[in-house]
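In what follows, a structure is listed as structure tokens, so that the remarks can point back to it.
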Amino acid sequence: MTEIINVTAREILDSRGNPTVEVEVAVGTGDVGRAAVPSGASTGEHEALELRDGDKGRYLGKGVRKAVANVIDEIAPAVVGLDASDQASLDARMIALDGTPTKSKLGANAILGVSLAAAKAAATAHGLPLYRYVGGAGARTLPVPLMNILNGGAHADSNVDIQEFMVVPLGLPTFAEALRCGAEIFHALKKVLKGKGAATGVGDEGGYAPSLASNEEALAVIMEAIGQAGYEPGKQVALALDCAASEFYDKKAGKYELEGEGKRFDGKGLVEYYAELAAKYPIVSIEDGCDEDDWATWKLLTERLGAKLQLVGDDLFVTNVTRLSRGIEQGVANSILVKVNQIGSLTETLEAVRMAHRAGYTSVMSHRSGETEDTTIADLAVACDCGQIKTGSASRTDRIAKYNQLLRIEEELGGAGRYAGRSAFEALR
């Protein structure tokens, strides 16, 4: 019934105007699954390889014709005839066909496109929504949105070093109310920034990208916006940071340079800097607080703040069970950011989430800075019982599409659904 009968691919554009891969998989029932692959701006060194053409005369070298050709000429002949419902076997076939640790032969963008499209085709053939097909009967938890309303770092042209400042509406009763809360704070922040004469253009993920004096000023204006929107900081709305520290780490000197503030820290100094921010503001989560290979400082950070805050490994773990296993063994971080294109297949993504949950780590389903209208991660957040999702601000359709899909899922679940709310973070207390 769900035998794969055809696989095709094409080059489309993502939210930054860069090419990406879109794949369609058809199964014997006549159902077709379509998936578009996201792309990151700040990427971890240990991520699976996103195959680009490198032809500078076309899309500045970022074309994906090679990856598209690999889907059509290499992957399709190997998977036609396989059962799309057997996700593990399908993904294993593609991984073996590639034969490299980072999927550099065929491209993680090629493999992932087929992996996700096949899951969608199988779900449709079985008459199930994707979240139910992947997550089973128990998939009913709507995630807390970590809404990136102010951008810095690699996501914006400004002097703010921390990459993302997020509002976390954890004290609301439903996902719909949490989303409304985040949107109202987003609009209030625009007024606050305008009042200060700051720019209100948005960055890659839909958050404002003003030029502010310091990271702390960014936190202060968000706190003001929360109040102006009529919400209570700490009780109804918390804050989260994605520091993307690998972007401001000087590997040779072993120092962290916050150029926008004129500050330079060793590992211990950086940890104390975060501790001071957490003591002053209602921060519940810090992502990538240290460089992806600075395990010693990660350990210091976890020992200092791990009992109080969610410490999320993104570039640190890259959705990879080998790196996550090392983190668990060493007691580093207490949460994993989940990005399907970091590892390059649905099966491996699910394995990483399961490993994290078994170890008592939380998980945060995440978009990339280069997105499309594809809403797969919204379904996966519910399917994997992540309890949290990062998919940008309350602007840009590529971000809103995921939130709208979660609204549909919440409506479909009705009384059986539950909003994770504060419970998504309570395991850390």
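Counting begins at 1 with the first residue displayed.
Each residue, glycine too, has its Cβ placed from N, Cα and C.
The record from Swiss-Prot ties Asp242, Asp314 to Mg(2+), and of the options Glu272, Glu287, Glu348 it ties Glu287 to that site too.
For the (2R)-2-phosphoglycerate site, Swiss-Prot gives Lys339, Arg368, Ser369, Lys390; the one candidate out of Gln163, Gln228 that the record lists there too is Gln163. Checking the recorded positions (Glu205, Asp242, Glu287, Asp314) against Ser369 ((2R)-2-phosphoglycerate binding site) with a 10 Å Cα-Cα cut-off leaves Glu205. The Cβ centroid of Asp242, Glu287, Asp314 marks the Mg(2+) site; residues of that chain outside this set whose Cβ lies within 8 Å of it are Gln163, Glu164, Leu241, Cys243, Ala244, Ile286, Asp288, Val312, Asp315, Leu337, Lys390, given in sequence order. When the binding-site residues Gln163, Asp314, Arg368 are compared by Cα distance to Glu205 (active site, proton donor), the shortest distance belongs to Arg368. Its Cβ taken as reference, Glu205 (active site, proton donor) is surrounded by 31 other Cβ atoms within 10 Å in the chains shown.
Summary: among the binding-site residues (Arg368, Lys390), the fewest other C-beta atoms within 10 A of the C-beta are counted at Arg368. Sequence-distant neighbours of Glu287 (Mg(2+) binding site): residues of the same chain at least 6 apart with a C-beta under 8 Å from its C-beta are Glu164, Ala240, Leu241, Asp242, Cys243, Ala244, Leu311, Val312, Gly313, Asp314, Leu337, Val364. When each of the binding-site residues Gln163, Ser369 is scored by how many other Cβ atoms sit within 10 Å of its Cβ, Ser369 comes out lowest.
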